[in-house]
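According to TrEMBL, the features are:
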type	residues	note
BINDING	Val297	FAD binding site
DOMAIN	342-356	domain 'Glucose-methanol-choline oxidoreductase N-terminal'
ACT_SITE	His586	active site, proton donor
ACT_SITE	His626	active site, proton acceptor
Amino acid sequence: MIHTDAFAKLLGVLEAIQARSATPTRLSLGAAASVVALTIVLRYLTAKQPKLITDYAKVARKVNDNGAEVDEWDFIIVGGGTAGCVLASRLSEDPNLRVLLIEAGGSSKDVDISKIPVAFAKLMRSQWDYHLYTEPQQYAGNKKKYWPRAKLLGGCSAMNAMIAQYGAPSDFDEWALISGDQSWSWNNFSKYIRKFEKYTPDPRFPHVDPLLRGANGPVEIKYSPHIWPGAQAFVEASINAGIPFSPDFCTTKGTQGTNKAMMYIDSKSTRVTTESAYLTDDVLARPNLKVVTHARVSKVLFDTSGGTPRATGVEFASKSHMDKVGPKFRARATKEVIVCGGAIHSPQILMLSGIGPAAQLLRHNIPVVLDVPSVGANLLDHPSINLRFRDKTGTTFHHFTPHSLNSTRLLIRDLLRYKLWGTGPLASNVGESVAFFRSDDQVLFPPAEYNNDIEDANSGPDAPDIEIIMCAGAVRTHTIPLSPKLQAYQMIVTLLRPTSKGSLFLKSADPWDDPLMDPSYLETKHDVDVLVRGIRAALKIAHTAPMTSITDVNATHHPELDHHISSLSDAELADIVRDRVETLYHPVGTCSMGAGGVVDSELRVKGTQGLRVCDASIFPKLVSGHPTGAVIATAEKLADIIKAHYA
């Protein structure tokens, strides 16, 4: 028998030892390793069992089991991703509202590599990833592009690079214009950003005004305790190249510029997800909230007996480890079904349910509930290009892929530093510093050297259309690493406001088949031209002090590096763009809000009753930055809308 109380007391003693050991010199390496190992074992033994449900009969009725009784739910939330966890928590704050959350994956709290910031890429192509690929890209060498999507509670907030930046204020003013609802404007919508934020001031960054940031929300935001020397050199070189310093990307004072990026991490440098922030043990203990895991919703159920289809519930099932689909279950919603499957799975679920382009539904023998041509349309994403340079400082994260005894030693050292003190490279998200700027910036792109015939696709003068992320490591592509012994850093050049639009289609009527995704990367000349300018800016930064002290200029002709491309013409750089373009993991827009879109300004699916969508698929336009914060704020806003409606 395990005496968990005794183990818990011993665990407390060990963690106190860790807390008192404020610097690595206070413990010997052997003693530190012993403390870490014993702590991990004791945490395992004393861990609370999660209050998650995999016995679906507790919340739903098996299809064709007419004699079974099942609870009804006021709200059923389809998808426990970035938005779904927020809604489940906020709606269940009212004890009179019964909430059921259904998630296809498991808990990210059980996935250690999700918690460690630097390890986020290890989740890609793992059991916690959907392993999606686009259709061959007509304007990008007819290549299929890998799209990671998280299959976990917390969704992509449990897999992404944790950059806490929300876009420009004018992005949300544009949403307000498109939706015809001023509640989406920055002045009104930003209160929901402040509602979720819990910003921790950092004396290393005194320029941030804490009064402009949220302090009491559930989502912790702070700077990483680790600063890679290359990240600091990038910021200084960017300033010297003509990009101003930004005190805070997340306020009206600093939408453009360069700085270190804030992260969604807590005081121990552990990743913060919407599951960890919103589905705490206290929240999961609420009797009016149930969370089902490892269950995929195959369709929303409708009552079509009246003039307007009304959502009445959902059908779901699971797959065994032998890839066998289990029995189908149905749960009933008395008020609303809220689809939160993300930009890929929300339109798929709607179409499988009979809501979508009629011709496409009929092609797959799906009964048409409502002909909505815009479901799956307006697929937008941030295309990016990796540029790679040899590092001569030896400070990159090259040793995280051990290739020698010394690199293994360094990795063990960093693991101990992170475990004991929450510091070191493991507390980094790899892409520590960033620069946001416009393709018409006349300092970076002097009119005497650059023409001005690029279309302005930005939402306003405060909005950037190019981002460069400085990374303490490099890869060839999302799926191909560099040569093992090549020490390199990389700059990711990203187009923030593409004009190319794609679409998403059903592959079949089988909910276990991935949909067909075609983002139509680089269809417009605008997108190629802006990325070429982004490459020019990155090369300028790489050749500006103090980045010149980081870059090994003797690596000019290495086939995996880009030292030589400064001499290439724009046409040759455009060929590199078409060859290398990849995702920055930000697909949006497939159930977009606004006239001609799928949902109205309160995220109700037009032409239906009792059905809403809440996730990045409702974005009518891409934000000029990272979408996680906008998704969380959107869910916070919808929770308030729903509570007010049913008050």
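Cβ atoms here come from the backbone N, Cα and C positions, even for glycine.
What you are looking at is a predicted structure, and each value in this text was computed from that prediction instead of being measured.
A distance of 23 Å separates the Cα atom of the residue listed as 'active site, proton donor' from that of Val297 (FAD binding site). Secondary structure of the domain 'Glucose-methanol-choline oxidoreductase N-terminal' (342-356), assigned with DSSP and counted as helix (H, G, I), strand (E, B) and coil, comes to 11 helix, 2 strand, 2 coil. Calculated from their C-alpha atoms, the gap between Val297 (FAD binding site) and His626 (active site, proton acceptor) amounts to 28 Å. All chains included, 28 other C-beta atoms sit within 10 angstroms of the C-beta of His626 (active site, proton acceptor). DSSP classifies the residue listed as 'active site, proton donor' as coil under the three-state reduction.
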